[in-house]
Structure formats: C-alpha cells, structure tokens
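As written in TrEMBL, here are the features:
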TRANSMEM  22-42  transmembrane segment
DOMAIN    29-478  domain 'Major facilitator superfamily (MFS) profile'
TRANSMEM  84-102  transmembrane segment
TRANSMEM  114-133  transmembrane segment
TRANSMEM  139-161  transmembrane segment
TRANSMEM  173-195  transmembrane segment
TRANSMEM  201-224  transmembrane segment
TRANSMEM  286-312  transmembrane segment
TRANSMEM  324-345  transmembrane segment
TRANSMEM  352-374  transmembrane segment
TRANSMEM  386-406  transmembrane segment
TRANSMEM  427-447  transmembrane segment
TRANSMEM  453-474  transmembrane segment
Amino acid sequence: MAGGGFSDDKGGKRAHLYEYKITGYFIFACVVAAMGGSLFGYDLGVSGGVTSMDDFLKEFFPKVYRRKHAHLKETDYCKYDNQILTLFTSSLYFAALVSTFGASHVTRNKGRRASILCGAVSFFLGAILNAFAKNIAMLIVGRCLLGVGIGFGNQAVPLYLSEMAPAKVRGAVNQLFQLTTCLGILIANFINYATDKIHPWGWRLSLGLATVPATVMFIGGLFLPETPNSLVEQGKLQEARQVLEKIRGTTKVDAEFADLKDASDAARAIKDPFRNLLKRKNRPQLVIAALGIPAFQQLTGMNSILFYAPVIFQSLGFGSGASLYSSAITSGALVLATFISMAFVDKFGRRAFFLEAGVEMICVLVAVAVTLALKFGEGEELPKGIGIFLVVIICIFVVAYGRSWGPLGWLVPSELFPLETRSAGQSMVVCVNMIFTALIAQCFLVSLCHLKYGIFLLFAGLIFIMSCFIFFLLPETKQVPIEEIYLLWQNHWFWKRYCTPEENERGLDAKSLPPI
C-alpha cells in the first residue's frame, strides 16, 4: 500500500511530502516488538487465576483458603479480602513504576530495542523464581522482577511502534501492543483453566509459562532494527536514513528525515528531559499524556475486573472452573474489541472512540451495581439467569474498554510527546499507570468488601469525569505525523495560551493545521 503521509491542509510544512509503502520488513519489526504486550497481558491474566486456585491458596494463604471454603456456597463480597494476597499482585506494579525511570535512561541513550531486550530478560528471571517459589518472599521477589520487565517493556514498546509507523496507520500499528496484551490475557485464562485441574502444582505451571513470551520477545528482539527517530537522536544519521528507507519501502524519505533531524536538534539541546517536561510549553503533554490518560485508564475499573475476574465470578457464586471459564470469555471479548479499534481508529479518530465507549461503560457499570444491589450479598447463590446476565454485560463493558481506554491509553500518550521529552514522558506514563494499577490492585478487593455494589457506581462516576476531560482537552491526533503533533496545541481553544508559535523552538507554522 503506497501513499503520501498527508494532504496539504492537515500537516506542517513537510507532512504532505511523506511517502511510504507497507513492507514485510516493517511488519516483521512491529509484530516482534509488539510481543512486549504479551508479557503484560499474560501476567494480567495469570495472576488473578492463580490467586483463586485452591492449591496455591493452601500453600501460601491458608487463612484465605479456609475462609473461601467456609463460605463456598455463598456470594460473599469479602471472601478474598487479604492484603498480603493482593500484595502478590500489586508488588509487580510497584516494581514497574520504579524501574521505568531506569528504562527511560536506557531508551533515550541506548535505544528502544535495548529496553525491549532488558525487559525480556528480567521477566524471564521473575517467571522462573515464581514457578519454583517456596515461600511468600520468593513470590514477591519474583513478582518484582516481572515488574521490572514490564516497566522496561511498557516504556519502550509503545514508543517503538509509534515511531516506526507512518502517520496514516499509526493508530492501528500502535494497537498491536494492546492486541498482544489481550491475547496474553486470553491465553493465560485458558492455561489457568487447564492447570487448575493439575494437583498440587498446576499453579506453578501457570506462573512458569510466563518464560515463553519472554523468550520469544528476547530472541525476536535480537533481530529488531532500531527506530530511525532513536538513531537520529543518537547521532547515527546514515544508519537512520537506511532504516527509514527500508521500513518505508522507498528512497523518497527526504521530508520525513528532515523532520526527524529537526526534532533531534531540539532534543539534543535538552540536558534534563524530565525538567523540560515541566516547562510551560509542555503543559498539554504533562497534563494529558503523562498524568491524565494513564491515571484514568486504571480508574475505569477494567484492570480490576481483569486482575480478579476469576475471584469476582467465584464471589458471585460461580464454581472455580466456571469462574476461570467466564474469565476466558471476557478475555476473548477484549481481543475482539482490539481488532475493532485497530480497524477503525485511524478512520474515526481517537476522540470518538473515547467518548462513545465512555457512555457505554457508564451504562454497564450502573446496570451491574443495580443488579448486585438487588440480588447479591444476602448469603445466597445467584440465580443462573442473573449470573449469565452479569457475564454478558461485563463482556459489553470489556468490548467498550477494549476499543477505547485500553489501546488508546497507550497510543495517545506515545503520540503526544516531542522527541526531546519522549523517553522521559513515556516513563511518566508508565509510572503513573503503574501507580494507579498497583493502588487499584491493592484496594479493589477491600473496597469490594466495604463498598459492595457501590464500587461500580464509583467507577461509573470516574468514567463520566474522564470523558469530560477528553472532550474538552484532547485534540484529534489521527493521521498527524508524530513529529508535528505539537502544532495541534497552538490551535486548541485552551492549550494555545501555553503553546504560542513564538515559544516553539522549531519555528514551524501551525496555521496549516485546522482549528481544534
């Protein structure tokens, strides 16, 4: 597929001159790099399933096991409320948020590929330690190593995909990260469903199989090219030009290469990218990309459902096997949603997906809360019809999230930062994301215990707030070249007061971009 990057009325000075073809080399690089999402996804899927397995609970959390079986026939909100048990899950995310700052240094100075390889090695070591764990300390240390792997992977992979992709298909390409995350969740749920029947060591197999995506990612990473943006940033101009021509399938890359060099010149003038991120002209990226979107992505409540889907379904009265199977169904819905988003996000835009899905998610959460308020928590099993209804509407919620906040929560921040603050900005994205992921993981079960159905109303209210945030503050970024995204702020009704053309060090004209 050949095409110019853009028409005259939607780019900066050079965007309309971009040319590209989709080449096999480009597809290989993006698919291999996107495998980083499978690390995150596999862990999301496997951890919730393992924490609902009797053999795992008996060995490490006997009090939870006894409480679970004392209320086996009841729908009890507080069945799994144990802070050490949730620390098993959330310790990974605390480790990830710390490691992402080291990942920023590696990504900026050694390249995106180096961070991807570091993440694969750390994740492999953590999986081995967890599979052979003899006590809770070994479990927690293993989870921390997994967290370091995810911190490096989540920092580098979205940047890699956004920088490799032509503007017209950047949304779909970047969402390969979300697709592999969702496939990792789905595969992990089926593995949990199988290993739950292997006594007493099935849970070890579930945790140990995390070595497989880590190995694939490491071996594939050895053959990855570095992104042209990163090579230019490192001063390797000739190599950058060669890679750019190879991934674009044409030698006519003068315009795009000139933009990369301009961005790199601005980047080299920045000695402290984290401090630069706090400057007035970078206020939109700080508020929207570094703080708002990654925090809001977790406050949808989706990751809570993914973490604890087996636990939630068991608490709702499903049996152990049935709960894992129901979780696999919701994971399948997430994969379907990602394909929908990949197919249409570059056509309809980021804002439309955020806002439409937000309305759906609010309606579903209110329906879940009303259903549970009427039918749940009285010490009785849920009627089969009500159980099926809950699974169906949770799947609707998953599909809405999976085409909006799930993939776009990684895509949009990776688009918004200029090259000079991109690695630092992405570290902030991962850090904030992991802080809120860890807090939600640590607090969700205790909140479910105390707030009961009210927790879902709380998430519905938060989604309303974040939808307003998107509506008023986020400009549309579809098909805008990544090194010219910053021009959008100069025409935005609110952000233009922070980002006047006079403050822009690159001196490009924003008038050719339409008002936002």
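Note: Cβ is positioned from N, Cα and C throughout, glycine not excepted.
Curation does not apply to TrEMBL; its annotations are automatic.
Stretch with the largest number of CB pairs closer than 8 A to the transmembrane segment (22-42), among 84-102, 173-195, 201-224, 427-447: 173-195.
Ranked by the number of CB pairs under 8 Å to the transmembrane segment (386-406), the listed stretches 84-102, 114-133, 324-345, 427-447 are led by 324-345.
As a quick check, the transmembrane segment (324-345) and the transmembrane segment (427-447) miss the bar of 3 or more Cβ pairs under 8 A, pairs 6 or more apart, so the two do not touch. The transmembrane segment (139-161) makes no contact with the transmembrane segment (453-474): fewer than 3 of their CB pairs lie within 8 A, with pairs spaced 6 or more apart in sequence. Each of 114-133, 173-195, 352-374 was scored by its Cβ pairs under 8 Å to the transmembrane segment (201-224), and the highest score goes to 114-133.
Tertiary proximity for the transmembrane segment (427-447) is limited to same-chain residues at least six positions away from its ends with a CB under 8 Å from its CB atoms, namely 80-83, 85-87, 89-91, 93-94, 96-97, 100-101, 103-104, 107, 147, 150-151, 154-155, 274, 277, 286, 289-291, 293-295, 297-299, 301, 303-304, 307-308, 311, 409-410, 413-414, 455, 458. Mean model confidence for the domain 'Major facilitator superfamily (MFS) profile' (29-478) is a pLDDT of 86.
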